[in-house]
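For 44-73, 180-227, the entry in TrEMBL reads region 'Disordered'. Residues or ranges marked as compositional bias 'Polar residues' in TrEMBL: 54-73, 194-203. What TrEMBL records for 205-222 is compositional bias 'Gly residues'. Taken from TrEMBL, the feature domain 'NlpC/P60' applies to 254-369.
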Amino acid sequence: MTEHAELLVRHGLDTTNQFAQKLRHDPVAISGARDAHVALQTSVGRTRDHASAQRVNLTSASSGATTDRATATSQSLEKEVQDLLDESAEIESAVAEAAETLHVGEIKNDQVRDRIIKEIAASMKALEAVKTIQPPESRAAASRDILMKLQTKISQLTGQAATFSEQTINQLTDIGTRLGGGEQATSASSASTKVGSSFNSNSGYTGGGDSGGGGGGGGGGAVHKPRLPVAIPPQPGSGVAINLPGGKQVMAPNETAAKAVRAALSQLGVPYVWGGTARGVGLDCSGLTMTSYQDAGLQLPRTAAQQTVGAEVPSIDQLLPGDLVVWSGHVAMVIGDGQMIEAGDPVQISKIRTTNAGQQFIGFYRPTG
């Protein structure tokens, strides 16, 4: 097995395993705690009923200032007990909801993990079959193609796992916030992955807005970055050449990225149309990137902020052709030589930047992993 294959197999399940640790819980213990809570509620309820009955008996059997004070004290205690019961019922409901949320999150994560295992197994079988290909000199290219497809699939699946995990954690945070009397939940990811405005340091062209919710005028609130693996640098000599309009040749990390860049460049000059996905007729920003990758055989989500898929590219100097530059309401595709293509009006080439009309910059992403 090649070093690249070993790396993919070794790290292919890292993300889902990490999420499994986050979602790990003891269903039996949770069920036991909930049952004990119900028993406590029942006991406290009986105590309240008994106190109420004694107060009624006291009122009917005596009168006077002492009785009035005792009755008032009893009523006050009964109210406190009722408040305690109401709060207890809320806790019981929250525990049940949290248990169900964890259970669903666990199931989804396990499903993604199983799919990754199947993809790895199928790819290893395919690599074994490559040994029989003739002539022998064609085996390296065949092996590389299998590994690139596996890397792309793993990146897509780990992106799904990251989304499921974030949804689960956010739901649990919402449950806890409601229980604590908060007005609005703060997601677990927002505490650690807000993109500061100081990062938006470069000035430049204002790209066309995205057609999805939030549109092109967004950027007012904090943006939540998905938790994705870091992009694996391609092996030396494994790139695919692309000729840019100016005549310069650049290297994409793989054939899929190269095809996507060529498909995007073919749309230069196409008018900007909000919500547009008609190539050669009218495109918006995410329509350009989505349809270009679609032509390359890779399906991306529809809106800009959802195209944070595959793997995250940690810095601008590690960007490669085909990578995406994503804001809260805009997305562009890196083409190499410090440039990117985007659906302005019309589709055009610009210098890579991290600002766009005050929108929040989310990050750099490699859809192919």
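Here the Cβ of each residue, glycine as well, is placed from N, Cα and C on the backbone.
With DSSP states grouped into helix (H, G, I), strand (E, B) and coil, the domain 'NlpC/P60' (254-369) comes out at 28 helix, 34 strand, 54 coil. Mapped onto DSSP classes, the region 'Disordered' (44-73) shows 27 helix, 0 strand, 3 coil.
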